[in-house]
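Trainee: The domain 'TECR-like N-terminal' annotation in TrEMBL covers 5-80. Feature annotation from TrEMBL assigns domain '3-oxo-5-alpha-steroid 4-dehydrogenase C-terminal' to 155-308. Look at TrEMBL and you will find 85-107, 166-184, 196-215, 235-250, 256-276 tagged as transmembrane segment.
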Amino acid sequence: FVSHQVEILDWETKKQLCFLDKVEPNATIREIRLMFHKLYPRWYPARQSIKLDPKGKSLRDEEILQHLPVGTTATLYFKDLGPQIGWTTVFLIEYTGPLFIYFLFYFRMTFVYGLDERFTSSPHPVVNLACICHSFHYIKRLIETVFVHRFSRGTMPLRKIVKNCLYYWGFAAWLAYYINHPLYTPPSYGKKQINFAVIMFLLCEAGNFSIHVALSDLRRNGFKTRKIPYPTKNPFTWLFFFVSCPNYTYEVGTWISFTIMTQCVPVGLFTLLCFIQMTIWAKDKHCTYLREFKDYPSHRMPIIPFLL
């Protein structure tokens, strides 16, 4: 075989950082990252963004050198992504916070609402139910993080964890404050509204979990190449017939049901922001599927069947 030479330049200054000689043509980008790491130990592989073009997208670990549009002398560009943190750690931090923050308000800690005896418990059963549902949601997320999720990308920039925690933890505190407030009033339509919301909540949680399991099964045995997800025998996965990201559809449904259950404005606002963010993610994934798979089902929408 004809060996390759790989020149790696700084993406901004175009200064040569290293020149790798006699690189095998079937070397992967991951292997090139490791070679680069040996020369620059402080830039571990997760910090490296290796590109064909300074303003282009990062190359995936599994891409092979000889399959790239380069000659025997390849020029690649390096960008430092900064300190990284593993996705499992990210999710554990993000989801543990809301779980415990909610309890501070549910148990009516004296520094939150005051010392008055009437502040120590709520006369409304829906407040207890809301705490159970909120806790169940985040406990489910933690279990999925440890036992279900398989991440195509191993890390994210450390600086983003602060923003993410402010979002999740801040909203958890805000909605918990009002739901557990001594002056909280229950839903207008009473038990009928609450029971409908609980059923909807449980169905959406089951659907969300089913989709996460189905997506995880696509990455068994460390398989990282993207595949088209299809419905399985599980009825909750049949939403794949209509949308590309049914996990987001079910997630939004979960928070809509929690809004109906609590009839609380902060929960409604959180639900709206969740929907906006997840629509952005869903559209991005949908476009990626369309770009990568010529046979991708044309009737699927990103997040809402037949609409969006």
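Each residue, glycine too, has its Cβ placed from N, Cα and C.
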Trainee: With Cβ distances under 8 Å as the criterion, find the stretch in 85-107, 166-184, 256-276 that has the most pairs with the transmembrane segment (196-215).
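Mentor: The listed stretch sharing the most Cβ pairs with the transmembrane segment (196-215) is 256-276.
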Trainee: What residues elsewhere in the chain lie close to the transmembrane segment (166-184), defined as a C-beta under 8 angstroms and at least 6 residues from its ends?
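Mentor: Distal contacts: 94-95, 97-98, 101-102, 104-106, 108, 112-113, 116, 118-119, 122, 124, 127, 130-131, 134, 262, 264-267, 270.
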Trainee: Which residue counts does DSSP yield for the domain 'TECR-like N-terminal' (5-80) in the helix, strand and coil classes, in that order?
Mentor: 17 helix, 29 strand, 30 coil
Trainee: Just to confirm my parser: what is the rounded mean pLDDT across the domain 'TECR-like N-terminal' (5-80)?
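Mentor: Across the residues of the domain 'TECR-like N-terminal' (5-80) the model's pLDDT averages 92 on the 0 to 100 scale.
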